[in-house]
Structures are given as structure tokens and as C-alpha cells.
Amino acid sequence: MRRKIVVGNWKMNNSVAESVQLATDVLAALGEGFSGCEVGIAPTYLALDATEKVIAESEVQLVAQNCHYENDGAFTGEVSARMILAVGCSSVIIGHSERRQYFGETNATVNLRIKKALSEGLNVILCVGETLAERESGVMETVISSQVREGLDGIIDISAIVIAYEPVWAIGTGKTASSAQAEEVHLFIRTLVTGLYGQTASEKVRIQYGGSVKPSNAAELFAMPNIDGGLIGGASLNADDFAAIVKAASV
């Protein structure tokens with residue numbers, strides 16, 4: 001049975017002090033109620049070190065929001081996998097739709113970043129998902145298939161990879177794919193993984209849902225057989241809401 005995983009992506013929110021406070025509040029809100037679920041939080045780069053100190057003695061994992069595909073060099077504004085590993089990150093989010101939309105990330109650069117992160121010993125959350133236009137024009141499966149196949153190109157072992165399905169039209173909009181809609185895509189992704197890596201690997205890979213997950217809909221989403229947790233945006237900025245989502249995944 002796959003252990004569910006819930007990660008709070010704080011995006012470009014919170015100062016270092018605010019991140020420390022939120023991490024403290026998250027630990028308090030979680031209490032002992034998440035033993036059945038893997039939990040991570042992803043603050044900004046600036047707050048990684050300070051946040052790590054707060055969660056160091058807990059089971060909550062430190063996650064980075066991105067990393068570059070080179071170790072160092074003339075890449076102004078970028079941060080390498082080695083750098084985030086050095087401050088205590090165990091995982092990194094790669095290919096988030098906002099990176100693709102606003103910063104020109106492609107399947108090819110996502111693939112490079114994944115390979116570098118894996119080579120440094122990090123776990124990876126690979127984000128895939130379609131826009132509303134792509135869904136309505138009937139190319140959703142083509143888009144997601146390309147993101148999965150090209151993102152994982154040349155990667156033999158996916159045991160350290162989690163896939164996050166994030167319908168772009170549901171991110172930060174308040175709209176949520178129904179549990180049936182989300183399950184349909186998660187099953188499609190798992191079928192893709194079966195074709196690429198075989199049945200055993202596809203049964204083990206965890207596929208998160210990310211798209212306006214809230215305490216009010218988390219339990220229904222997480223009850224679906226192919227939804228293995230969530231990549232949480234806005235709701236992760238409220239400790240009580242995030243804890244409620246984690247507990248819904250811990251049942």
C-alpha cells in the first residue's frame with residue numbers, strides 16, 4: 001500500500017521570520033496526527049535554513065521549490081541541487097506549472113533538473129498538468145503524456161520520484177477538479193508509468209493531486225484509489241488548514 005504524501009508549497013510568500021512562525025504553527029497543529037502520512041513543507045530559498053532548524057527534530061521534511069541543473073556557475077538567480085541539499089532539503093519540486101508558465105521551463109529543462117537532483121540524492125516531485133484550453137480542446141492526455149515521458153526521459157529508476165498532477169485551471173483559482181476527474185487523470189498517469197517502467201514500478205509510484213485542495217475536499221480526493229496525497233498551495237499558508245488536510249490523508 002502506498003503511503004500518502006502531503007507537501008505544502010509556500011511559493012513566494014512569507015519572510016524568514018514569518019516562515020519560522022508558520023513552521024512552528026504547523027508542527028503545533030499537526031501534533032501526533034500524521035503518522036500515516038509523509039509530510040513536507042517548501043518555503044522560499046531564503047527561509048530554508050531557518051525553517052530546517054524548526055522542523056529538524058520532527059518528521060516533517062524540508063522541500064525546495066526548484067533547483068538548477070548545474071552545480072555552480074554563471075546562472076544569476078539560480079540555486080543548485082547541492083545548495084538545497086546542504087541546508088537540509090530531502091526533496092525538490094520540479095516543473096511546477098508556474099515555472100513553466102512564467103519562467104520558460106520546458107519538458108527538456110525539467111528533465112535536466114530532475115536528473116541533477118536525483119544524482120545529488122534528492123527526492124523529486126515532478127509536476128504535470130494541463131491548462132483549461134488544453135482540456136477543453138481535447139489534448140489533455142497528449143500534453144500530460146509529453147510532460148511525463150519527456151520529463152522522465154533517460155531516467156531508469158523512479159523510486160525517488162513522486163508525480164504531482166496539477167490541473168493548471170484549478171491552481172489558486174478556487175476551482176477544483178472533481179474527485180472523479182482527478183482520479184481519471186491519475187489513473188491515466190499511472191498507466192503511462194506502467195508502459196514506461198512496468199507494473200511493479202507503477203503500483204509503487206505516488207501521484208499527488210495539486211489544485212485548490214482544501215480541508216473541505218481533501219478527504220474525498222484522497223479516498224480515490226490513485227490519488228496518493230496532495231501538493232498544497234494556498235491552504236498550506238494556514239497551519240490549521242494544512243494540518244486538517246494532512247490528517248485527511250492520514251486516515
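Backbone N, Cα and C atoms are what each Cβ position is placed from, and that goes for glycine too.
Taken from Swiss-Prot as is:
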type	residues	note
ACT_SITE	H96	active site, electrophile
ACT_SITE	E166	active site, proton acceptor
BINDING	N9, W10, K11, G172, S212, G233, G234	substrate binding site
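Feature map: Swiss-Prot annotations on the structure.
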{"residue": "N9", "record": "substrate binding site", "DSSP class": "strand"}
{"residue": "H96", "record": "active site, electrophile", "DSSP class": "coil"}
{"residue": "E166", "record": "active site, proton acceptor", "DSSP class": "coil"}
{"residue": "G172", "record": "substrate binding site", "DSSP class": "coil"}
{"residue": "S212", "record": "substrate binding site", "DSSP class": "coil"}
{"residue": "G233", "record": "substrate binding site", "DSSP class": "coil"}
Reported as an integer number of Å, what is the Cα distance between G233 (substrate binding site) and H96 (active site, electrophile)?
11
In chain order, residues whose C-beta lies under 8 angstroms from the C-beta of G234 (substrate binding site), counting only those at least six residues away in the same chain, are G172, S212
Using a Cβ-Cβ cut-off under 8 angstroms and a sequence gap of six or more, which residues of the chain neighbour K11 (substrate binding site)?
Q65, E98, G233
Other residues with Cβ within 8 Å of the Cβ centroid of N9, W10, K11, G172, S212, G233, G234 at the substrate site?
I171, I232, A235, S236, L237
Can you tell me which recorded positions out of N9, W10, H96 are within 10 A of the residue listed as 'active site, proton acceptor' by Cα, answering none if there aren't any?
H96
Identify, among the binding-site residues G172, G233, the residue whose Cβ has the fewest other Cβ atoms within 10 Å in this structure.
G172
Name, in the order they occur in the sequence, the residues of the same chain whose CB lies under 8 A from the CB of W10 (substrate binding site) and which sit 6 or more residues away.
S19, L22, I41, A42, P43, T44, Q65, S236, L237
Using C-alpha atoms only, work out the spacing between H96 (active site, electrophile) and N9 (substrate binding site) and round it to an integer in Å.
10
Candidates N9, S212: member of the binding-site residues with the richest Cβ shell (10 Å):
N9
